[in-house]
Amino acid sequence: MKPDTIAALATGAGRAGVAVIRLSGPAAGATLQALTARDLPKPRVATREAFCDPRNGVSLDDGIALWFPGPRSFTGEDVAELQIHGGPAVIAAVIDACLSQPGVRVAEPGEYTRRAFENGKLDLAEAEGLADLVDAETEGQRRQALRQRRGALSSVYEGWRGRLIEAAALIEAEIDFPDEDLPGALAQRAGPVLQSLAADMASHLDDAHRGERIRDGFRIAIIGPPNAGKSSLLNALAQREAAIVSELPGTTRDVVEVRLVLAGYPVWIADTAGLREAADAIEAEGVRRALARAEEADLRVLAVEAGPDGPAWAQRLLRHGDIWLHTKRDLRWGQPTEIPGYKRRIRYEDLIKALPMMGTHPPGPIPFSVLDEIDVANLVDHIAAKVHQALGREEAPVLTRARHRRLVEEARSALQRAIPALDQAAELAAEDVRVAADQIGRLTGRIDVEDLLDEIFSSFCIGK
Ligand SMILES: Nc1nc2c(ncn2[C@@H]2O[C@H](COP(=O)(O)OP(=O)(O)OP(=O)(O)O)[C@@H](O)[C@H]2O)c(=O)[nH]1
Ligand SMILES: [Mg+2]
């Protein structure tokens, strides 16, 4: 059965100088011809056209047409692109004219990319990269999505899968042809391959969720006792009144989240309920949520009012590299110049250089006043440097989504079962290696494991 031809606006909704309408499928060429009332333009050459309604010849707009005969197109099918004026009425009229043609219907969400995947133009990881590229709001997200779109992740996954399939073939050869004159203990040869693969996967799993953080946002939790100035701090960072501030302890009872861009990466900052022995059930739930946020955050900012001794329990919530603030510095110490050893503006670059040294645990408290814009600017730089340190490394992350992490985790645990089974139960080991290859294959969705095993076996000169 011939697939439908799909049509949709490829550019954003709303008024714009130019809008692009894209057609993909077997009727794309005929539809373009019907709308221009002439032969198809030269492939891949922008051609000036007058578009009209094929039903009545009424002219609709002047624009540019592009013709990409399959398979050399984004979807691999015949594709026509109509560049028209970007007004809502023009777009509606041209789409309506396209849909009047036989076999043409409105595209479903993601259908162009899906067709490109089905026609082997890109694999699943690359398609996800493309979706992320379209959604990218920050520089870090753009770089990561572009790498993924260009197949950087796919080549890592395919490399893993190739090694797994080789190992599976070695083990299965041992099982199927035990009497053949093969070099001894084939399964043992698979051992080091599996070991090194498991180590590779482990090192990618142990990446502090860097790829996912770049994509979904680095998570910061502001925690501390009631009335310490946590909500004031959130508002200062967000530069708006996101959370309610009052002099009454226990004002914030739920988690209030704000999204920022720092050092080119998306960051979620959560203000939480003050930590104390709760007065009622609602406050108790607020405290529970605050602790949960602190637990799952990538960075904790502890706010404690500057005083002789802050609550010792609060510091126990901090981990290596977290930030501890002595808030309301202005009340206790007055002008910052009066604090011995307290430096004013610190530069972001200096912080990045200093960071590896200053990450010792526990961190010392930093005097802070929300009323002082230099304190706030210093803190923003300090946090940005931490985000940069966590996410900004040169080498590309391999796991950019929870889906990838789950599949790689499953593959690694299958390998961990397979390695000890190599000696005693080769069948079980072979099965687990196949499971691992299958999971990794699902990352790119490109080829069936059985197909590849068949291919590799056919090149094994064992069967005679
Ligand atoms: N002078 C001074 N007052 C501050 C500062 N930060 C916060 N405050 C005041 O301290 C009080 C409490 O501030 P909040 O930001 O509501 O404190 P919180 O930690 O969110 O409190 P809960 O939500 O009750 O846990 C308010 O009256 C703020 O105006 C500061 O740096 N200097
Ligand atoms: Mg608050």
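Every residue gets a Cβ built from N, Cα and C, even glycine.
Worth saying up front: this structure is predicted, and the values here are computed from it rather than measured.
Secondary structure at K121 ((6S)-5-formyl-5,6,7,8-tetrahydrofolate binding site), taken from DSSP and collapsed to helix, strand or coil, is coil. The number of other Cβ atoms within 10 Å of the Cβ belonging to K121 ((6S)-5-formyl-5,6,7,8-tetrahydrofolate binding site), over all protein chains shown, comes to 18. Marked as (6S)-5-formyl-5,6,7,8-tetrahydrofolate binding site by TrEMBL: R22, E81, K121, K464.
Positions annotated as domain 'TrmE-type G' by TrEMBL: 217-388.
Look at TrEMBL and you will find N227, S246, L248, T251 tagged as K(+) binding site. According to its DSSP assignment, S246 (K(+) binding site) is coil.
TrEMBL lists 227-232, 246-252, 271-274 with the feature GTP binding site. Within 10 Å of the C-beta of T251 (K(+) binding site) we count 16 further C-beta atoms, all protein chains included. In this structure, T251 (K(+) binding site) belongs to neither helix nor strand by DSSP; it is coil.
Cβ atoms within 8 Å of the centroid of the Cβ atoms of N227, S246, L248, T251 (the K(+) site) belong to the same-chain residues P226, V245, E247, P249, G250, T252, site residues excluded. On the backbone, the CA of K230 (GTP binding site) and the CA of T251 (K(+) binding site) stand 10 Å apart. Comparing C-alpha positions, S246 (K(+) binding site) sits nearest to T252 among the binding-site residues R22, E81, K121, T252, A273. DSSP assigns K230 (GTP binding site) to a helical segment in the three-state reduction. For N227 (K(+) binding site) paired with E81 ((6S)-5-formyl-5,6,7,8-tetrahydrofolate binding site), the C-alpha to C-alpha distance reads 59 Å. Under 6 Å, Cβ to nearest atom of ligand 1: this is the test, and of the binding-site residues R22, E81, K121 it is passed by none. Cβ-based crowding with a 10 Å cutoff singles out K230 as the top-ranked of the binding-site residues R22, K230. Spacing of T252 (GTP binding site) relative to K121 ((6S)-5-formyl-5,6,7,8-tetrahydrofolate binding site) is 51 Å (Cα to Cα, whole number).
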